[in-house]
Structure formats: structure tokens, C-alpha cells
Amino acid sequence: MTCLILWYLWLISTFQLEFATASTANTTTTAKSGTSSSTEEPFPVLAVGKDGRGNYYVNSTFGTPGQRQRLLVDIIQPYINLVSGTSESHNEYSGVYHKHPSYLMNDSTSSVPVSPGQIYEISFIDGRAVNCTLVTDDMNFTNVSSENSSTALITDLMVTRDNVQFNSGSLSISNVSFFDIQSSNFKTSGLLGLSGKVTNPGNAIDSSQYTEQSYFLSLLKDADIIESSSYSLWLAGDTSTYKTYRDPISNCGKLLLGGVDPSLFTGTLGKFDLIPYVDPVSNAVSVGYPIVPLGPIYIVSNSGQSLNMTSKDFLSPALLDSTSSVSYLPTSTIIQIAVQIAATYVESLDRWLVQCSIADMGVSLGFRLRELTIEIPLRDLLSSTYDTSTNSSMFFSSGQEACFLTLYANTNTGVNILGEAFIKNIYMAMDLEDNTIAIAQAKKVEDDAVTEETNETTASTIIKKIKSGYIPYAKVMNSSNTRNLTLYPSYRSGYMFTVPGQLTAAYSNGVITGAGRSFYDTSRASTSARPSSTQFDSFSVSASEEWSNSTNRTSSASGAGVRLSSPYTFNKDPAGHVTRIASLLLLSIFSILIVL
């Protein structure tokens, strides 16, 4: 009898311990979750504007006293560049764009020249080139907001760490090294480089020869303002059309430093390893450029009907470029697109032209990146033919106004480049330490989640830190095919290869004359997405059939963080808890049998 009583006392104490363990584990996890959310530090967000030339920029000042500067958002090189106000840059043939403020080193009491007299000749991956000197000075971003994990704006903030000061309205960094452009082969203002570091020994662009002071994101990481050298970019506030392209927009985007804001994109955020770039001269390999695996390209009607403009298995590296107003694709792809939208090629202009009215027909191009499809409205690929010197535009012989198609053959660059039209329609995040990029369809400004402020916060809407090797909310989309890709530029011929005669036209006295094609050519009975079977396969851009390849339209990702619960909590009834209780019951029965 005594043994039986002792057994019951042991059994009761065991169950009490079991409940206590479960309760304690659950409370600890919840407390950690709450603490993490409440102590999340704010993220610096730079407001992005657009100037009258279509360039995306952030406002800043340099020097003491501060000299106002516009820095173009440049995701394909890693350095800060300013336009010098002295020396050769005053020459009208130097290529430097003087409508933006220039930097006067001698007017700044905090400026320090690095290696005085040395000229650095730097050539960028897209063909731009600058001659410049290296200078160290203080910089300050003047249009900055502070946002935390609850997506709330912070109005009373002051963070000072090392040489960085971050508060509501500004982000100041002292002793920043940058290139002072003396001359260039393109018109430019300052540049804010955001790419990874470049490997090219013996070349001025090689990053190993410069200190960490030369890298904007590295400076922020070293000061613990951001956790890793990373950023995300949203430019979908740019709602300009070919008619309003040159109208400046003071605030049309966000450059979020060190974090991801899920309220700025829709659908899946696809994550890719950056594709290596091989320098065609030195064969040096760099892995910090935003180069992605571009798959098939579709033209999509306003009802969702689509046609493949490439081939079923098309796969080629493509460079994302925020500074390019045009995109470069394979000649054959551009010809296929031209067939579908009745565009004509004018050799004397080396441009494709199309009736501007197609901008109102709801046509788009679908760019496939693995399982992800990014849709770019065709209206974003049009530019006006208006000439300010003649105060006139081009017209077709039918009387329809003509627009330029902002697509060029990649024979001009040697690489595929997805420019402004693509960038403004995506949300992108870069982890420069892990050499990865994440891309999603950008949420437009008319979407409620972007235009309306809310105090409600859920796990799938909070801003989260990018950590080395981790981009929040992203789904990995690599494959064995994409892992083997490298970008090795081909020969730049500088001209469009043979264009079929029926797609060409002549231009004279403001009028474009040529055969052209009808917008409503419906020569195919079925128009589901598939590779084009003939050179002139076509369909109606106002067709009514649904697009069969609409995966990204319906896909979604909550992005909610996963909390690992205790395996012994009772409200969830997990398998671990059930197994343990069953073991206790079996032990109890065995004990009773022994006592009896």
C-alpha cells in the first residue's frame, strides 16, 4: 500500500513538472518576440526624386559649408562621384552636365585631396567613362525619413555613432572619399554608387585599392546604422508617361537602407544569386553587379493573352541599370515585339517607332525570372518624339503621332540591360555581403497599402533588417542552370543587324512612311503562351483570352516570421507533447502491474 501511495505522489509531481515546463517555455518565447519588436532600431529612408532628364536622384550636400548636390541612384558601380566645378569640367565639350550643381573643393574647409594630382580613368560596365580625382569631405543627405519595424515615421530621433549622425530629416557622414569628375563621355550630375565591390586588378575601377571610406553602405554598416551592406529600392511613385516624362518629380521613390518594406511590393519576392561578370579585357571576375537570369519575354494583351517573344528555354544574363533610360535586348526579340505592336524601324534614326496610341491599349511585356514574372506596361517603354528645337513631333503618314520605342539591340552594349522602365516597376533588395538580389513586382502608388498610412502592424507588413545571407520575405529561386551562368560581354557592333524590309520605314520632313502592320492582326487561331512558331507570328493586343502563364499574378507570400514554439505547449497539441504523455501513461501502467 505504501508503494502505491509513493507511486501516485511521483506521478502527480511529474505531471506538475510537465505543465510547468510547457508554461515557462511559451512565456519565454513570447517575451523574446515582444522585446525584439519593441527595440527594433529605425531604418534610414532616402526620398528619391526624378529630374527633367528622367534621372532618379537623392538630395545631399557636401563640404563645409554644405554645397547642394544631386546624386543619381546608380546601382551598377560602387563609388560616390561628384561633378567638379573647376578645371576641364568648365569646357562645354567635357560631357559634364552643368544644369546640376558642381562641387568646389577649394570652397570647402573640410575637404582633403587624396593623392593630389593623380587622375583616375574609370570605365563602368555600361560604357560610361570618367576622368576624376579622389577627395575626402563631409556629406549630408537632406531628405531622409526614419521608419521602424512598425512602419511608423519617427519624428524625434538622434543617433550618433563614430562618424555618422542619423536623425529625423538628415543622415550625415564625415570623412567620405569620393571621385571628383573632371571630364566624362556622358552628361551627368553626381552619382551614388550602390553596387558591390569590383575586382579588376591594375584597373582604376578595382575596389581593393580604396579604403572603406569610399563605400557608402560600408560606412553605414561600420557605424552600426545598418546590419549589413544592403539596401532596397522602390521607384513606382514615378507615374510619368511619354507625355510627362520630362516633368520633374520631387518625390517618387524610396531608397531604404538596410531593410525590406513588404508594403512596397506585391506577390513573391524572388531571391537570386548575383551572376558573375567577366571583364572582356582582363578576364577578371566580379560578383557585385545586379545581374539576373533573364528567361522568356512575353507580350501580354490587356486581357492577359500572351505570346512568347523569345523561345521556351531562353535564358540569358541581364544587367539592371537605374541610370539607363532605355533597355537593350536581343535583336530577334525586339523584332518580334515590333511585329506585334506595328513598330517600324527607321535606319536613318536607328530607332524603332510606333503609334503613341498603343500606350492606352493596356499592353505589357512579361519578363520571366525563374518562377517570377515581372510585367512592364508598354507605355513605360515609349518616349516622345517631340523636338524642342522645332517645337514639333513626328507623325506617321496616317496622321497618328509617333513615339520612340525605348528598346535597343544589345549589339550596342554587348550585354542585355534592363533600364528605367524595368526598374520603376520592380521592388529590389540587394545584399552585397552575400552577393544576392531579391526582386518583386512593385506596388503602385494607387494601391491602398502605399498611399494610406496605417497604425496596424502584422508580421507580414513590418520592415525587417537585411542581414548577411538573409533578405526578409524572399523566396530562393536559384537553379542549376542559373548557377552556371556568367556574363561575358559580346562584341559591340554599334548597330542593328538586318531588319526585315516590311518592318522598315523612311523618315522625311517629320513624317514616317512605311508598310507597317496592323495592331489587330489575328493570324493565329490560338494564342496561349508558347514560343513563336514563325518570324511573324502575331495576335491581337486587345484579345479576350486569359494568359495561361499568370503565376505571379496569383502568387503571394505573407512573409511572416516563423516563431519556434515549445514542443510541449498544449494549445497546439504538437506531436512531441503527445508522445511524452503517452510514455508517462505506459510507465504508470507498468508501475501498477509491479505493485500488484
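Including glycine, each Cβ sits where the backbone N, Cα and C put it.
Database features, via Swiss-Prot:
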SIGNAL    1-25  signal peptide
CARBOHYD  ASN26  N-linked glycosylation site
TOPO_DOM  26-575  topological domain 'Lumenal'
DOMAIN    56-440  domain 'Peptidase A1'
CARBOHYD  ASN59  N-linked glycosylation site
ACT_SITE  ASP74  active site
CARBOHYD  ASN106  N-linked glycosylation site
CARBOHYD  ASN131  N-linked glycosylation site
CARBOHYD  ASN140  N-linked glycosylation site
CARBOHYD  ASN143  N-linked glycosylation site
CARBOHYD  ASN148  N-linked glycosylation site
CARBOHYD  ASN308  N-linked glycosylation site
ACT_SITE  ASP321  active site
CARBOHYD  ASN391  N-linked glycosylation site
CARBOHYD  ASN455  N-linked glycosylation site
CARBOHYD  ASN484  N-linked glycosylation site
CARBOHYD  ASN552  N-linked glycosylation site
TRANSMEM  576-596  transmembrane segment
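Sequence features annotated in Swiss-Prot and their locations in the structure.
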residue	record	DSSP (3 states)
ASN59	N-linked glycosylation site	strand
ASP74	active site	strand
ASN106	N-linked glycosylation site	helix
ASN140	N-linked glycosylation site	strand
ASN148	N-linked glycosylation site	coil
ASN308	N-linked glycosylation site	strand
ASP321	active site	coil
ASN391	N-linked glycosylation site	coil
ASN484	N-linked glycosylation site	coil
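Comparing Cα positions, ASN143 (N-linked glycosylation site) lies closest to ASN59 out of the glycosylation sites ASN59, ASN106, ASN308. Its own atom aside, the Cβ of ASP74 (active site) has 26 Cβ atoms within 10 angstroms in the protein chains shown. Of all the glycosylation sites in the record (ASN106, ASN131, ASN308), the one with the smallest CA separation from ASP74 (active site) is ASN131. For ASN308 (N-linked glycosylation site) paired with ASN131 (N-linked glycosylation site), the C-alpha to C-alpha distance reads 43 Å. Neighbour counts were taken at the CB atom with a 10 A radius for the glycosylation sites ASN148, ASN391; the maximum falls on ASN148. Comparing ASN484 (N-linked glycosylation site) with ASN391 (N-linked glycosylation site), their Cα atoms are 51 Å apart once rounded. The glycosylation sites in question are ASN59, ASN131, ASN140, ASN308, ASN484, and the one with the fewest Cβ neighbours inside 10 Å is ASN484. A Cα-Cα distance of 19 Å separates ASN106 (N-linked glycosylation site) from ASN131 (N-linked glycosylation site).
Neighbour counts of Cβ atoms within 10 Å were compared across the glycosylation sites ASN106, ASN143; the minimum falls on ASN106. Taking the Cα of ASN131 (N-linked glycosylation site) as the reference point, the closest of the recorded positions ASN59, ASN148, ASP321, ASN391 is ASP321.
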